[in-house]
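To keep things clear, I will list the structure first and then write my remarks on it.
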Amino acid sequence: MMIEVLFVLIVTAMAASLLGVFLVLRGMAMVTDAISHTILLGIVLAFFVTNDIRSPWLIIAASLVGLATVYIIELVSKTELIRQDAAIGFVFTALFAIAVILVSKFAGNVHLDMDVVLMGEVIFAPFNRIDILGVSIPNALWQLSIILLINIAFVTLFYKELKVTSFDPKFAYIAGFSVALIHYGLMTLVSVTAVAAFDAVGSILVINFFVAPALTAYLLVRRLGAMIGLAIAFAVLNSVAGYFISFHFDLSVAGTTAFVALITFMIVFLFNSKGFIIRRIQKQHQKKTFSRAMIMMLMNEASHESLSQKEIMSHFNLSEAQFNRHISYLIANEYMEKDEEKYRLTRRGEEFTHYTRLKYELPA
Amino acid sequence: MIDILTSYTFMIVALGTVILAVASGIIGTVSVIKGQSLIGDAVGHATFPGIVLAFMLAGTRETLVLALGALLLGIIAFFTIQIITEHSRITLDGALALVLSSFFGLGMALMSFVQGNPDFEGTQGLSDYIFGQAAYMLRSDVYLILAASGASLLVFILFYQQLKIYIFDPVYSRSIGISNMLMNFMILGITITLIAVGLKAVGAILIVNLLIAPAVVGQLWSDRFFHVLIIAAATGGISAFAGTYISTAGNDIATGPAIILVLSAFVLVSLLSARKGLLRRSILKRKVGERS
């Protein structure tokens, strides 16, 4: 039974991250965050009408509010009176505030708990079951699997359109693609996925399931197909790791998975071949090579053929430690020789400066 | 009506929220003009694990201690965003969404740990920081808001000239010897501080509205920086007072969301009818059309 929790988590993560790839490429991550907050208003309103937390009307109403959020943000920022980021910030908080007031005012004693709505708890998913072809499976798993299939179908059918409109919307428009249709199609699916995922992972964390795997993949690859594949792989990895860690330490599953996603991202960010640490090391290396080349260039000049340690240090503003490191390297590689406290270039060192001049295109 | 206005709880809560909203309105204007308004959103969410961590380490629900935890995690979140955007292809948009949700996830994981652990007592109050519980504000909480807002505004006034130049012409400001990095950190430091002390009043999710909405109203009514600041401060203050009144008068209405609804009403009205608003604009358009 507990393994079903993991299945729900994985299916949610896959459905979300598949769309997340396009959200990241289109720079719509924060708009999605806004949606994931405002769908609460749709859920609350539909709940007041139907009084049934499992009613399909909740999904429809929430998706409509999600779409309305996107539309209002676009409408406001299109007037050019307010910047888009400010528009996102105040539109979603306003709609969310209405939802919070409605919940606290009217739903205090009914079955709509703010904590569960916001935070979700995937642990409870197996308790709500449904019979499909005689097999009993959790309702959430059934719903999310269907949504995963719809998302896969959408991306497969409109792959070309999604690709063009994500990377070059102006060209797509001129070439006759219906940019608006793809845009709102994508945002509709985002809303539907967010609503279905909300009682598994909560409305604040669902954004993490959308963007974290896609962002991690974006660090590594440059091809869209590879990015999608990798994003889904990271989504599964985060879910599995988050699931086992949270069970071991008895933590919130969704919360742990979200934080594990940041750790996965940071590991890739720091250690990938173009990442933070490798780049730092390369920079250091470049700096060292350059300093050594410059020391040799100086000593290749007739007036500086033979220099003392002090002269070299003051010339390049080197510390004792830096000087020793450079000189021991240069001597060990036989670019330089020491002669009664004075340093001078060897034949090999002079040849090296010749190549340095060529490399930096300096006059001989 | 007079009963409510003179009641002790109302006065305490109103004093706290009004001062907070005035300070946030002024500081938020800078972030909005610089296009950094959503950083406040990310930092706001990221303070939640700070609250829980501070509670776990210090074993108390003292507001000051929790605010320090919130401040620390807010700063960490900000630098994480900064490092990610500076050293990779990830845009600010993506980095904000990632950091905001992951930090909030950490907060939830820690929260579930604390709640399931008999070593920790009195955890009920912690989730109040997500939505804010202004009704439970104490005199000491108001002093904290007062001190933080006062210090923030003092720094703002002291560096007003430099800030103004930095905001509108960063290249010029650097050439006359103002440290742009210092100015940026100063603004973010103040923003994070205000968020940290304001959590108990409005909560981690909605606090960003206090920073953005007043500035938006100000910008709609004026183009002069000083006027925008004054309008933003006034809008924030009036909304906070009205929101607190509504929440005290109507039962079971949370203060934070009430303030934000009033602020949103201000934004909506301004968007339509302000000097640069949509109605004026369409009237102007029609006039131009008639003339040609």
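Using N, Cα and C of the backbone, Cβ positions are placed for all residues, glycine too.
Copied over from TrEMBL, here are the features:
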type	residues	note
TRANSMEM	B:6-26	transmembrane segment
TRANSMEM	B:38-58	transmembrane segment
TRANSMEM	B:64-84	transmembrane segment
TRANSMEM	B:96-114	transmembrane segment
TRANSMEM	B:142-160	transmembrane segment
TRANSMEM	B:181-198	transmembrane segment
TRANSMEM	B:204-221	transmembrane segment
TRANSMEM	B:228-247	transmembrane segment
TRANSMEM	B:253-274	transmembrane segment
Look at every Cβ pair spanning the transmembrane segment (B:96-114) and the transmembrane segment (B:228-247), keep those 6 or more apart in sequence, and say whether at least 3 of them are under 8 Å.
no
Determine which residues of the chain contact the transmembrane segment (B:204-221) at the Cβ level, with the cut-off under 8 Å and only residues 6 or more beyond its ends counted.
20-21, 24-25, 27-29, 31-33, 37-38, 40-41, 44-45, 47-48, 104, 129-132, 191, 194-195, 198, 227-233, 235-236, 239, 256-257, 259-260, 263-264, 266-267, 270-271, 274-277
Are there residues at least six beyond either end of the transmembrane segment (B:38-58) with Cβ under 8 Å to its Cβ atoms? List them, or say none.
28, 31, 65-66, 68-74, 76-78, 81, 92, 96, 99-101, 103-104, 106-108, 110-111, 114, 120, 123, 126, 129-130, 188, 191-192, 195-196, 199, 204-205, 207-208, 211-212
